[in-house]
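**Student:** Input: one structure, supplied below.
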Amino acid sequence: MIYEGKAITVKALESGIVELKFDLKGESVNKFNRLTLDELRQAVEAIKADASVKGVIVSSGKDVFIVGADITEFVDNFKLPEAELVAGNLEANRIFNAFEDLEVPTVAAINGIALGGGLEMCLAADYRVMSTSAKIGLPEVKLGIYPGFGGTVRLPRLIGSDNAIEWIAAGKENRAEDALKVGAVDAVVAPELLQAGALDLVKRAISGELDYKAKRQPKLEKLKLNAIEQMMAFETAKGFVAGQAGPNYPAPVEAIKSIQKAANFGRDKALEVEAAGFAKLAKTSVAQSLIGLFLNDQELKRKAKAHDEIAHDVKQAAVLGAGIMGGGIAYQSAVKGTPILMKDIREEAIQLGLNEASKLLGNRVEKGRLTPAKMAEALNAIRPTLSYGDFANVDIVVEAVVENPKVKQAVLAEVEGQVKEDAILASNTSTISINLLAKALKRPENFVGMHFFNPVHMMPLVEVIRGEKSSEVAVATTVAYAKKMGKNPIVVNDCPGFLVNRVLFPYFGGFAKLVSAGVDFVRIDKVMEKFGWPMGPAYLMDVVGIDTGHHGRDVMAEGFPDRMKDERRSAVDALYEANRLGQKNGKGFYAYETDKRGKPKKVFDATVLDVLKPIVFEQREVTDEDIINWMMVPLCLETVRCLEDGIVETAAEADMGLVYGIGFPPFRGGALRYIDSIGVAEFVALADQYADLGPLYHPTAKLREMAKNGQRFFS
């Protein structure tokens, strides 16, 4: 053994060839943390000092190569001054450079995935051989930063600036065949031939058949583009990528700027450019928020996994209520491998549900994400029925009938008598109390809420609602089923609106106040979209359905009359009474036309102004900043209340629920991280400026205490 550490070993294989193996003890994956980087430095020094070494293979002892840097260390590192961050990056890069500069040929054998720093390690090798099942990529832009271990320097010099920009700016994982096509890897082999393929390459380099020094040289030099080619390549790319990423996500464009700035430099000087840009991005609020989201997501996955121990396996599911929602749930279950019965009392509803599932599967086939054979398999896994004849073996039933408590209670009581005693019943309600619905059941311990968001196939969140009598097994089984469906489940306790809708309706409440104060709803939409929401509140209400919003608001007003009840008529009342229900019937705040692709397109309709005129009670002058605060303060305060009331267990779950459930701007990190970014004391002072707007704007006593003590929601 030439070197042995806790993350890396170097051992002799044959004929002077050694294997540098990443295998981080106590972890399921390899990642670059302080320990791994330090051991890489020591391992390279040990190889350098051993005169018998003629070639090096870099491999992994795990199912994946290296997943990247240890993100948990980012949080502390990114608090350092910018100059220290630059110095730290350059120090790490000296280690990669030392590996790249070894006097012997080096080959990376890539299995599983090599992402971020994992791929950057491979780029420092002379050759790369990749398993057919492996994927590689530089996903750093998704964290608000760009590659910092030489990715913006080596990749453009290896595969050309155009290809490198595409890889870095998109941040996606790339398959072996695509990597080979652009020259990111030198060979692709079957997984079982990876070691042999790497050995073959290194032997050919040792024998002189391959000139590894010539292969290495372009990575050490400036980019092979003249001034005109540089201008055309980089300026065009910046314009295109800026349009794709938008103004709130600067990392992709900054990555291109870094490549451009370093184009005329050799490796070492180019790495200095990369380090400076990386440190600058690391200090931005966008990076802090996106890294926070990543860590929150990991926390969510850990919490969901903890339910696996007691969860029952769901081998057969059922959905009650077909139509668009039922069809979406059936599709999601079937496409992820759980057969499902789809029951309704009407043949036309069954047909609608089947059409929805078939359309979604067809879309996946068109995009190459599913084979026709797999589509047929998924369709066969959805069994439509008008009776309970096949319900005896069902493990979980998702009730998705009309949002009416009496109808839901009747349907749930009926199906309870048709399933086995330990079958789980789950209601896909968006606002109705689970405790109320449970009163109709003989086995309330087997009953939970399972709130999907529309459209089911696109929205990643599922709220699993724990009622007073819900058993932990029922909760755990529902969480496991949601995960199996490819969703991100969050367990919340019962209350009107649960987490997401309880928080969303105060946001709509702020919107209603603005419209009643004479503020143009089109302007409000533009301001909130610029703030980062995927759509403004008026457009969102139209998409959700004015009738759905009207019903939800009444439920919330009944549940929280002190702050959510408003005796005055609102914009939603006016539209509802005028039968302007939004996209579903072609008119809401906006009117809707069909575009070339057959999708609804919103257009301004002046007749809505007459409908809204009676609910405009004043003409108040407000700034764009006021609009943001009228909307965001009540949303944030209600999120705080949900955390304080124990509706949601952690700040991480609260924020992720809003990002996954209603499209809260990811670059702002969620409502609680948004408060942190302003400062808790500053946020309380901000809310107090709008206290005259009512109780929705009044901070809780506990939040005031946090402000006084200088506390935060996230460390």
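Cβ from N, Cα, C; glycine included.
So Swiss-Prot lists these for the protein:
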type	residues	note
REGION	1-190	region 'Enoyl-CoA hydratase/isomerase'
SITE	E120	site 'Important for catalytic activity'
SITE	E140	site 'Important for catalytic activity'
BINDING	D297, N501, Y660	substrate binding site
REGION	312-715	region '3-hydroxyacyl-CoA dehydrogenase'
BINDING	M325, D344, V401, V402, E403, K408, S430, N454	NAD(+) binding site
ACT_SITE	H451	active site, for 3-hydroxyacyl-CoA dehydrogenase activity
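Just tell me what is around each of these and how deep it sits.
**Tutor:** Each residue in the region 'Enoyl-CoA hydratase/isomerase' (1-190) has a pLDDT score, and their mean in this model is 97.
Note: E120 (site 'Important for catalytic activity') has non-local neighbours F96, L138, P147, F149, G150, G151, R154, i.e. same-chain residues 6+ apart with C-beta under 8 A of its own C-beta.
Around E140 (site 'Important for catalytic activity'), a 10 Å sphere centred on its CB holds 29 further CB atoms from the protein chains shown.
Residue environment of D297 (substrate binding site) contains 16 other Cβ atoms, counted within 10 Å of its Cβ in all protein chains.
In the three-state DSSP scheme, V401 (NAD(+) binding site) is classed as coil.
Classification of H451 (active site, for 3-hydroxyacyl-CoA dehydrogenase activity) by DSSP places it within a strand. Around the Cβ of H451 (active site, for 3-hydroxyacyl-CoA dehydrogenase activity), the same chain contributes N428, T429, S430, V462, E463, V464, I465, F498, V500, each under 8 angstroms and 6 or more positions distant in sequence.
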**Student:** Rank the binding-site residues N454, N501 by the number of other Cβ atoms within 10 Å of each Cβ and report the first-ranked residue.
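**Tutor:** That would be N501, with the most Cβ atoms nearby.
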**Student:** Can you give me the Cα-Cα distance between M325 (NAD(+) binding site) and N501 (substrate binding site) in Å, rounded to a whole number?
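**Tutor:** M325 (NAD(+) binding site) and N501 (substrate binding site) have their Cα atoms 18 Å apart.
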**Student:** Just checking a number: largest C-alpha distance across M325, D344, V401, V402, E403, K408, S430, N454 for the NAD(+) site, rounded to a whole Å.
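**Tutor:** Answer in Å: the longest Cα-Cα distance is 20.
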**Student:** Please report the distance from the Cα of N454 (NAD(+) binding site) to the Cα of Y660 (substrate binding site), rounded to the nearest angstrom.
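**Tutor:** Taking the Cα atoms only, N454 (NAD(+) binding site) lies 12 Å from Y660 (substrate binding site).
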**Student:** Between the binding-site residues M325, V402, K408, Y660, where is the Cβ count within 10 Å the lowest?
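**Tutor:** Relative to the other binding-site residues in M325, V402, K408, Y660, V402 has the fewest Cβ atoms within 10 Å.
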**Student:** With E140 (site 'Important for catalytic activity') as the reference Cα, tell me which of the binding-site residues V402, N501, Y660 is the closest one.
**Tutor:** Y660
**Student:** Using DSSP with the three-state reduction, classify M325 (NAD(+) binding site) as helix, strand or coil.
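**Tutor:** Looking at the DSSP assignment, M325 (NAD(+) binding site) belongs to a helix.
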